[in-house]
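Enquirer: Have a look at the structure that comes next, please.
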Amino acid sequence: MKAALAVSSGDPSGIGPDVALAAWILREHMRLPAFFLLADAELVAARAARLGVNVPLEIATPENAATIFGEALPIVPLKHRQSDQPGVPLAENAAGTIEAIEEAVALTLAGRARAIVTCPIAKKPLYEAGFKFPGHTEFLAHLAGEHLGYAVTPVMMLAGPLLRAVPVTIHIALNKVPAVLDTVTILTVCRITALALKSQFGIANPRLAIAGLNPHAGEGGSMGIEDEVTVRPAVETLRAEGIDARGPLPADTMFHADARATYDAAICMYHDQALIPAKTLGFDDSVNVTLGLPFVRTSPDHGTAFDIAGSGRAKPDSLIAALRLADELATNRTLAT
Ligand SMILES: NC(=O)C1=CN([C@@H]2O[C@H](COP(=O)(O)OP(=O)(O)OC[C@H]3O[C@@H](n4cnc5c(N)ncnc54)[C@H](O)[C@@H]3O)[C@@H](O)[C@H]2O)C=CC1
Ligand SMILES: NCC(=O)COP(=O)(O)O
């Protein structure tokens, strides 16, 4: 029997517990891979009662979770307790939120879990509790780097049926993007993306469409120089390496259907350039994947949705897509090694 996926419960005041419970209820109908939830079991029980769903919970180990999964939602309990206050992010819950992510990584690296699926975290309560990373992506890269003994460059990909989009810069203020963006970073992100598309997504010759930074990809330098000075040299180097890369392309005409048919991933220069088209085209079924790690990590594309936590309105679709994609990528990774 395959090991189960490790699901970190995210900010417990958000919809992580809601969508995990809903996904478990749909496990047979949606043919979901087995997963266990790293969580405070009492909080999950309280949330299930609040939502009025009848989900048997069973305290599990990573090893027996896959066996339990058909009959009960396996909970691998946290050391830290968490308080069930949907919609009210609490710094006091941060320790458990961080523990769940760290434990998911440790279990996956030890081969005790198949891959990691993270439910959403809100950054602010974590920062208030001293968390130093902009988001999961950077934290997971840090944990992977500690394990490997060298720095890891994580790459965020939003993967959906209609679009794969990769932001080169991630969680930074827009006014910092031009200074942070450089040719080497674009090259690294594109190489990691091309490799992952081949080895994990089964695309033999991945085609990358690389966006410019400025309107009209800089209009020949008259609307900004970064497209010519920073992006174009990266595209030329990638092409010289045999990677099918095009750009810098005007971002505004990259995402309509005919344009999307010409590439396998859009490489974007900043967070919203990638995430706006990704979430517009597939809010319910896109998945946030971190490439470049020594393990598989996926996540729903949405955030904590504090406005609907505990109300029964949270849709589990993106978590379901994340569970499926984690299972598929873990299989492909195993086959590749
Ligand atoms: N992977 C992660 O950990 C992510 C965390 N976040 C964090 O989430 C927090 C809130 O972010 P927002 O920008 O408000 O985005 P959000 O995705 O949490 O919510 C945006 C809107 O979409 C709705 N929504 C989100 N998920 C839904 C679902 N599954 N079913 C039905 N409706 C849903 C919400 O109710 C809200 O109206 C922030 O602190 C952000 O940092 C945001 C994205 C990803
Ligand atoms: N907007 C995407 C996002 O914030 C998710 O980031 P991460 O927590 O997966 O790094």
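Using N, Cα and C of the backbone, Cβ positions are placed for all residues, glycine too.
Note: TrEMBL annotation is automatic and uncurated.
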Enquirer: Can you find which of H147, H171, H302 TrEMBL lists as binding divalent metal cation at the same site as H216, H271?
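Expert: Given H216, H271 bind divalent metal cation in TrEMBL, the matching entry from H147, H171, H302 is H171.
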Enquirer: For H171 (divalent metal cation binding site), which DSSP three-state class applies?
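Expert: Where H171 (divalent metal cation binding site) sits, the three-state DSSP reduction gives coil.
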Enquirer: Any of the binding-site residues H136, H216, K279, N288, R297 with a C-beta atom under 6 A from ligand 2? Give them in order, or none.
Expert: H136, N288
Enquirer: Within 10 angstroms of the C-beta of H271 (divalent metal cation binding site), what count of other C-beta atoms is obtained when all protein chains are considered?
Expert: 18
Enquirer: Most Cβ neighbours within 10 Å: which of the binding-site residues H171, R297 is it?
Expert: R297
Enquirer: Among H136, T137, K279, N288, R297, which the record lists as binding substrate, how far apart in Å are the two most distant Cα atoms?
Expert: 19
Enquirer: Give the sequence-ordered list of residues that share a chain with H216 (divalent metal cation binding site), lie 6 or more positions from it, and have CB atoms under 8 Å from its CB.
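Expert: Once residues fewer than 6 apart are set aside, H216 (divalent metal cation binding site) is near M223, P250.
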Enquirer: May I ask for the distance between R297 (substrate binding site) and H271 (divalent metal cation binding site), taken between their Cα atoms and rounded to an integer number of Å?
Expert: 19
